[in-house]
Amino acid sequence: MKGHCSFLAVFALLALASILGTSAYDPSPLQDTCVAINDPKTGIFVNGKFCKDPKFVTADDFFLSGLNIPRDTSSPVGSVVTPVNVDQIPGLNTMGISLVRIDYAPYAGLNPPHTHPRATEILVVLEGTLYVGFVTSNPDNRLISKVLHPGDVFVFPIGLIHFQQNVGKTNAVAFASLSSQNPGVITIPNAVFGSNPPINPDVLTRAFQLDNNVVKYLQSRFGWKNN
């Protein structure tokens, strides 16, 4: 069992590191590195982050540990997303790629419908069984979905609403790579019903064809995060 998991882990790291690296959505870098720093007095503004002087770049600027540790999935939807983007690894700045670990609770743990406005996503399942899918744009709104098992890979096109749900009786784990150093995420129910300040209920009542009181109830339920 350990050997099987090790194979999947190696496969995931190799696949996710290489497939998107040659087709990143972000602009191509014009230098070897642009390690992100927060001090504008000591750097140059590039791709949204200031660059550290290359003379002071170290291996730790490109390193993060701990993605092997299971996460707490006790959120309302039964999942948690652990991001690895430019905010966690400064060396990702201008590199056009990032990574996430997603943990799903047994019995329907869900990564809710969401979009990444700046990235295509490629996901590989390490543990468990996931029902995944995305919806195409108007007017078709076609659902493209599949059940995935360990070692299976699925792609979510940039900007399209997509989701993953654990349909097994045990914990599930997936890793995903995204074609941006900072792909962004818009969780649909949170954005619609949990915006700050709230969207006028009359707008949502007409858009979703719901009773006004139902809309107000839904607005009272959202606002949590799973990442």
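Backbone N, Cα and C atoms are what each Cβ position is placed from, and that goes for glycine too.
Keep in mind that TrEMBL annotations are predicted by a computer and have not been checked by a curator.
Remember, it's a predicted structure, so these values are computed and weren't measured experimentally.
The oxalate binding site annotation in TrEMBL covers ASN111, HIS116, GLU121. When other Cβ atoms within 10 Å of the Cβ of HIS116 (oxalate binding site) are tallied across all protein chains shown, the result is 25.
As annotated by TrEMBL, Mn(2+) binding site applies to HIS114, HIS116, GLU121, HIS162.
Under the heading disulfide bond, TrEMBL lists CYS34-CYS51. Of all Cβ atoms in the shown protein chains, 22 besides its own fall within 10 Å of the Cβ of CYS51 (disulfide bond).
Taken from TrEMBL, the feature domain 'Cupin type-1' applies to 65-216.
If you look up TrEMBL, you'll see 1-24 marked as signal peptide.
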Measuring Cα to Cα, how far is CYS51 (disulfide bond) from GLU121 (oxalate binding site) in Å?
26
Cα-Cα, CYS34 (disulfide bond) versus HIS162 (Mn(2+) binding site), nearest Å, comes out at 31
